[in-house]
Amino acid sequence: METSTLKADKEVVDSHLKKRLVDNPEDLTSLPPRKKDAQLGDGHQQKNRELLLGSAKSATYNILLQLCLRLMSFFLNAVVLHHVSTDLLGVVNVRLLLLYSTTLFISTEGFDQACLSKLENKDWRQIINLSWCTVPVSCLVSGVLSTVWIFFLEAPDPHEIPHYYLGVVSYAASTIITCIARPHFIVGQAFLWVKLRVSAVAVSELVRVVITVVLVLKFPWLGIVSFSIAQIIHSLIYTAIYYVTFFINIDGKEENLIFTEIRDFFPQKPKNKPWLNREQTVLAKNFFASAIFKQILTEGEKYVMTVFGVLNFSDQGIYEVINNLGSLVPRFVFKPIEESGYVLFSQSLKRGQRLQDNTKEAVEMTTKVLTLLIRTVTLIGCIILVFGQSYSYLFLDWYGGKKISAGPGPLLLKWYSVYVLFLAVNGVTECYYLATMGNEEISSYNKKLLVFSGVLLASTLALTRMFGSVGFIIANCINMGTRICHSMWYIEQCYKTSHHSPVRSLVMSKAVILSLVLSYCITQASEKYFCCSYGFLYQLVHVGIGAICFFSVLLVIWLKEPGIWVYVLEQYKAHKRTSPKNEGMKKE
């Protein structure tokens, strides 16, 4: 009886404290530390350790998620590739997905970065209010872009590809449905609910791909309607998972969650404060402008295809197949690393402040992580560059047959392996830049992005006329190279008074460089003598030689780059020690 009373009293006190934190988050610093936290040491050090572990766990889960999703999509898309025309692939994968990605990115990017930034005296009610602005913004953006897609862009032949207008409306509506879950997404990111994001994306993507394949195989005459139905269901499931998860955990089962009622996730007027935090609103406005330019830079080749029509829908479909295959590693490895790195840097370092104005522990931790991330993605990018030159043709021939490998596909994939290295370095260096720059730097960055966008569009138009579809990839390499130089200059300026230099981690050891060069020469010779017109057994010999070279490179990296493996091992051990506390769901 006494135990039950004490437990009930504890729940009342915890509920009161959580409610107090929602209304007055600054009171967090005045709360007495728990016994477990006191045993772990200094508050700042513990917070940095939790952020580091949370970011590492986030990157791990995201990479595993992306790996599973891409493998699943890899095989299922191969099935779709053999049952739909390349014209339909071009309309769906370029035209309609461009509408979806543009609307979603412009509607959410600015608010995400503003809400997740480290600011003084953050109020969660104001953060929730700001995050809900994504819904009306998505309605406005989707309405404007849908009008452009329907009335100002060339529509496909209705006899060959019917229901194009229905597809435009469906993909625009799916964006709005996804944005309805954005406040919950932001809260989940802030509290490092990694498994929630992984589950939401995994389940919704799985359903989308499976529905698409079933409809394409069973009802091939539906065309775009099949993809539209799958896209709408994907967004509904994604949103439902977030709402159901927070509804289940709102009763106090998750001790790290400071929200106590369902209405805490919806707009409310804070006590003695305006609806929105002025500093966060300015941040969101500045990031909103940069999001437009960043989206143009990210999807530049698709905008050129869509607006200027330099390729027909069939060629666009082939290019997009190569683009999806070439971006497997950037999507399931580099993007999760970039997202987790952004959360770590933005939560550890004060935005717009000099490096020395932050705590020593935060600077040392972020410097170590930034250095290791740059070195890691550079090594991965170089490995892909080396082996992509000798195995592009064989890979496409096995995947899609002569329909893809007989044309410009292999050359496109070889160039894409070069582009992957640029993507790898830019992702990490730019995420540090975006996570730490202040309002004035953001405004300046928007102007620079305008220049970058102009250079990309001009180079794309010029190079596609000279080299065809390969010109898109070369133009993207130039674009990424320019952005890398800018981000590196910013990082060097941050560390100019420090003895650290994360940018130098781009330079690999001589042994690693030598192993990569030898592997390139050996695999090129193997491709010439064993691939790809001498039969399946010779192709297997070519693959075997590549495997030996690949594992030899990994062995050299293991011996000459011990810092990477030691860091991964440290994070794994730390995660194992603290996983019950980090999960917040396991009981002693």
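Every residue gets a Cβ built from N, Cα and C, even glycine.
TrEMBL lists 34-43 with the feature compositional bias 'Basic and acidic residues'.
Annotation source TrEMBL lists region 'Disordered' at 17-43.
Tertiary neighbourhood of the transmembrane segment (127-152): same-chain residues 95, 99, 102-104, 106-108, 111, 114-115, 165, 168-169, 172-173, 175-176, 179-180, 182-183, 186-187, 264-268, 275-277, 280-281, 284, selected by CB-CB distance under 8 Å and a gap of 6+ residues from either end. Among the features that TrEMBL reports, transmembrane segment is placed at 127-152 (among others).
Taken from TrEMBL, the feature transmembrane segment applies to 164-186 (among others).
The transmembrane segment annotation in TrEMBL covers 198-217 (among others).
When Cβ-Cβ distances below 8 Å are used as the criterion, the transmembrane segment (223-244) is approached by residues 88, 91-92, 96, 100, 161-164, 166-167, 170-171, 173-175, 177-178, 180-181, 184-185, 188, 196, 199-201, 203-205, 207-209, 211-212, 215-216 of the same chain, each at least six residues removed from its ends. The annotation transmembrane segment is assigned in TrEMBL to 223-244 (among others).
Among the features that TrEMBL reports, transmembrane segment is placed at 372-396 (among others). For the transmembrane segment (372-396), the residues of the chain that approach it from at least six positions outside its boundaries are 322, 325, 329, 333-334, 337, 341, 404-405, 409-411, 413-414, 416-418, 420-425, 427-429, 502-503, 505-506, 508, 512, 516, 519-520, 523-524, 526-527, 531-532, 539, 542-543, 546, 549-550, 553, 557, 561, 563-564, 567, judged by C-beta separation under 8 angstroms.
For 416-437 (among others), the entry in TrEMBL reads transmembrane segment.
Here TrEMBL flags 449-474 (among others) as transmembrane segment.
Look at TrEMBL and you will find 505-523 (among others) tagged as transmembrane segment. Long-range Cβ contacts of the transmembrane segment (505-523) within its own chain (Cβ-Cβ under 8 Å, at least 6 residues beyond either end) map to 371-372, 374-375, 378-379, 382-383, 386-387, 389-391, 425, 545-546, 549-550, 552-553, 556-557, 559-561.
The transmembrane segment feature in TrEMBL is assigned to 535-559 (among others).
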